[in-house]
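K.L.:
Structure provided below as structure tokens; questions to follow.
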Amino acid sequence: RVRNEKLYLATFAAVLGPLSFGFVLGYSSPVIPELRKSSDPELRLDSNQASWFGSVVTLGAAAGGILGGYLVDKVGRKLSLMLCSVPYVFGYIVIISAQNVWMLYFGRMLTGLASGITSLVVPVYISEVSHPKVRGMLGSCVQLMVVTGILGAYIAGLTLKWRWLAVLCSFPPCIMLFFMSFMPETPRFLLNQNKHSEAIAALRFLRGPHADHDWECTQIEASVQEEGLKFSEFKNPSIYRPLLIGVALMCFQQVTGINAVMFYTETIFEDADFKDSRMASVVVGSIQICFTAVAALIIDKTGRKVLLYISGIIMALSTALFGLYFKMVLPNRNNSSNPDVWFALDAASPGTESSISWLAVVSLGLFVAGFALGWGPVPWLVISEIFPLKARGISSGACVLTNWVMAFLVTKEFNDLIGFLTSYGTFWLFSAFCCLNVTFTAFYVPETKGQTLEQIEAYFRRS
């Protein structure tokens with residue numbers, strides 16, 4: 001009989017990391033408008049600096065993915081999580097004391113580095129301490145806490161000035177450091193280090209006193225290879241197949257256009273006569289939280305693939321509708337040499353946009369709900385499940401690096417893409433990618449529902 005109370009406590013301590021990471025992502029949205037109007041010329045952002053303030057986090061996170069992949073195997077899952085609270089807090093201290101734009105960039109870079117480590121380590125920690133019946137639900141809490149952090153930053157940004165908002169954002173990593181110090185290391189990492197008695201103690205903490213700890217230890221030990229990972233082993237299908245699936249999932253998650261759609265949010269709501277576009281961001285954040293929570297509750301019953309199918313189809317339809325909206329609202333691309341007209345929705349033919357602005361709002365709501373239901377949480381969960389123990393650090397690092405580099409490219413190149421393909425062409429391209437996601441899921445993503453990590457590893461060895 002397995003008791004879950006302390007397992008939930010360990011998960012709560014770990015997911016304070018993704019909460020911190022959500023605050024980092026959400027921080028720029030209320031802060032950029034404020035800094036663009038700053039009375040201090042040293043801190044005032046122009047449009048190019050504002051885009052760097054938003055996207056430099058993704059570069060820090062890409063570096064954090066590489067560093068996290070090294071740390072998670074060398075010092076363990078627990079200590080990696082405790083260590084990453086240092087760049088979080090130090091980054092916010094730099095932002096709070098910023099005297100110029102470069103200090104802002106540096107602070108954002110440090111919080112990005114911590115976010116990259118967090119986005120790698122937390123899913124691994126949770127998947128290794130959980131048992132199969134609840135692993136999907138607990139793994140989905142990672143994405144749930146990220147979107148909660150984003151919404152928290154949006155709401156706090158309605159009332160707090162940017163320096164005080166940075167003070168608030170530094171609290172979750174401090175609380176995580178405190179709680180994680182009382183939590184156990186994962187049994188798999190301990191057994192990999194030949195620490196059998198510590199692994200039994202960790203299992204006793206996580207499963208309660210009445211579970212069969214020795215049996216679970218034997219199961220894990222059977223799959224733990226003590227020797228390290230050699231480069232030549234990447235020729236082995238049991239290592240390169242899950243790695244290719246993980247990297248592809250991370251690419252596909254970003255090419256759905258999630259970052260681009262989030263960029264459009266305020267413009268779309270303004271166009272639909274929402275007077276306060278900041279409140280609109282809060283509405284979108286709330287939709288994300290609701291549907292990520294739904295995904296967490298049903299993922300262990302429905303399975304991973306079903307949610308990826310439903311999510312991909314909803315996103316393909318909503319981005320196609322988005323494209324249709326822009327096709328109907330925006331003037332002919334050739335009428336203007338200025339690509340910024342693609343953002344100026346009021347340049348549309350009079351009366352068109354107000355009569356169909358509901359289409360944009362519905363498309364946006366559908367898209368965000370669809371993403372939150374599957375392609376938001378599931379890729380992170382799957383990459384925490386499919387890698388063999390000895391390749392978990394390096395493979396997770398490659399996936400996190402891929403995700404953040406793709407996020408940076410999509411964020412920075414979005415403007416150019418619109419100039420090249422027009423608005424509606426860009427959204428139809430995203431729709432095509434969403435269809436490709438569904439096809440990829442059907443043929444290549446394994447169903448991991450209800451299986452132990454050892455069974456998943458054995459599946460890749462057999463195939």
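Just so it is clear, glycine is given a Cβ too, placed from its N, Cα and C backbone atoms.
Among the features that TrEMBL reports, domain 'Major facilitator superfamily (MFS) profile' is placed at 6-449. The annotation transmembrane segment is assigned in TrEMBL to 7-32, 52-72, 79-99, 105-126, 138-156, 162-183, 243-264, 279-299, 306-326, 356-382, 394-411, 417-445.
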K.L.:
Counting a contact as 3 or more Cβ pairs under 8 Å, with residues at least 6 apart in sequence, do the transmembrane segment (279-299) and the transmembrane segment (138-156) touch?
P.N.:
yes
K.L.:
May I ask for the residues of the chain that lie six or more residues beyond the transmembrane segment (417-445) and have a Cβ under 8 Å from a Cβ within it?
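P.N.:
Beyond its ends, the transmembrane segment (417-445) has Cβ neighbours at 245, 248-249, 252, 255-257, 260-261, 304-305, 308-309, 312-313, 315-317, 319-320, 322-327, 330, 333, 339, 342, 375, 382.
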K.L.:
Under 8 Å for C-beta pairs, could you tell me which stretch among 52-72, 105-126, 138-156, 306-326, 356-382 has the largest tally with the transmembrane segment (394-411)?
P.N.:
52-72
K.L.:
Rank 7-32, 105-126, 162-183, 243-264, 306-326 by Cβ pairs under 8 Å to the transmembrane segment (52-72) and hand me the top one.
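P.N.:
Stretch with maximum Cβ contacts: 105-126.
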K.L.:
Are the transmembrane segment (243-264) and the transmembrane segment (356-382) close, by which I mean at least 3 Cβ pairs under 8 Å that are 6+ residues apart in sequence?
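P.N.:
Between the transmembrane segment (243-264) and the transmembrane segment (356-382), contact is present.
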K.L.:
Which residues, given as numbers and ranges, are at least 6 beyond the ends of the transmembrane segment (306-326) yet have a Cβ under 8 Å from it?
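P.N.:
Counting only partners 6 or more residues beyond its ends, the transmembrane segment (306-326) has Cβ contacts under 8 Å with 256-257, 261, 295, 298-299, 342, 356, 359-360, 362-364, 366-367, 369-371, 373-376, 378, 422-428, 430-432, 434-435, 437-438, 441-442, 445.
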K.L.:
Pairs 6 or more apart in sequence, C-beta under 8 angstroms, 3 or more of them: is that satisfied by the transmembrane segment (7-32) and the transmembrane segment (356-382)?
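P.N.:
No; fewer than 3 Cβ pairs under 8 Å.
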K.L.:
Given pairs 6 or more apart, does the transmembrane segment (356-382) have at least three Cβ pairs under 8 Å with the transmembrane segment (138-156)?
P.N.:
yes
K.L.:
Need a quick answer: max count of Cβ pairs under 8 Å to the transmembrane segment (79-99), which of 105-126, 138-156, 162-183 is it?
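P.N.:
Comparing 105-126, 138-156, 162-183: 105-126 has the most Cβ pairs near the transmembrane segment (79-99).
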